[in-house]
Amino acid sequence: MEKLTDLNYTLSVITLMNSTLHTILEDPGMAYFPYIASVLIVLFTLHKASIPTMKIALKTSKCSYKVVKYCIVTIFNTLLKLAGYKEQITTKDEIEKQMDRVVKEMRRQLEMIDKLTTREIEQVELLKRIYDRLMARSTDGIDMTKEINQKNVRTLEEWESGKNPYEPKEVTAAM
């Protein structure tokens, strides 16, 4: 544990890596050297950061399997992001959460469809009742006297004097 947190040890490992890389890749025209060095530095940093973190987490956590799984998934997701991939590794818990969310949304939509279907059925039944009432009445013998308020209208023969009192009369006015 002392070596993991010792700064001199860390610096000596970085120096050793740099010298090893320089001896392996002596060609000055090597175009991929900065990329290889970056990947190795990231891997070394992940190594130095993850081991002490996992040791502490395993000692303090009640469920060590979940901690290890989460650390490994996080490390792989970081490496995938560095490599330029947009996909990520998901754990079973995350998949179950997403599935629960999808199932919940599907249930909500099914309830809405059920409500809409019920309303549509009620509207169709109402339209059918209206149609049945319209078709049940016959249009031949409808008494329109009630509709136009002409129930007490008399014909010319029914007037007492035989003349219509509402007809205009000739009136002469003095000038």
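Along the chain as shown, residues are numbered 1 onward.
Glycine is no exception: its Cβ is also placed from the backbone N, Cα and C atoms.
Taken from Swiss-Prot as is:
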- 1-28: topological domain 'Lumenal' (TOPO_DOM)
- Asn8: N-linked glycosylation site (CARBOHYD)
- Asn18: N-linked glycosylation site (CARBOHYD)
- 29-51: transmembrane segment (TRANSMEM)
- 52-175: topological domain 'Cytoplasmic' (TOPO_DOM)
- Glu120, Gln123: Ca(2+) binding site (BINDING)
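Taking the features listed in Swiss-Prot, we show where each one sits on the structure.
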residue: Asn18; record: N-linked glycosylation site; contacts (Cβ under 8 Å, 6+ apart): Ala37
residue: Glu120; record: Ca(2+) binding site; contacts (Cβ under 8 Å, 6+ apart): none
residue: Gln123; record: Ca(2+) binding site; contacts (Cβ under 8 Å, 6+ apart): none
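According to its DSSP assignment, Glu120 (Ca(2+) binding site) is helical.
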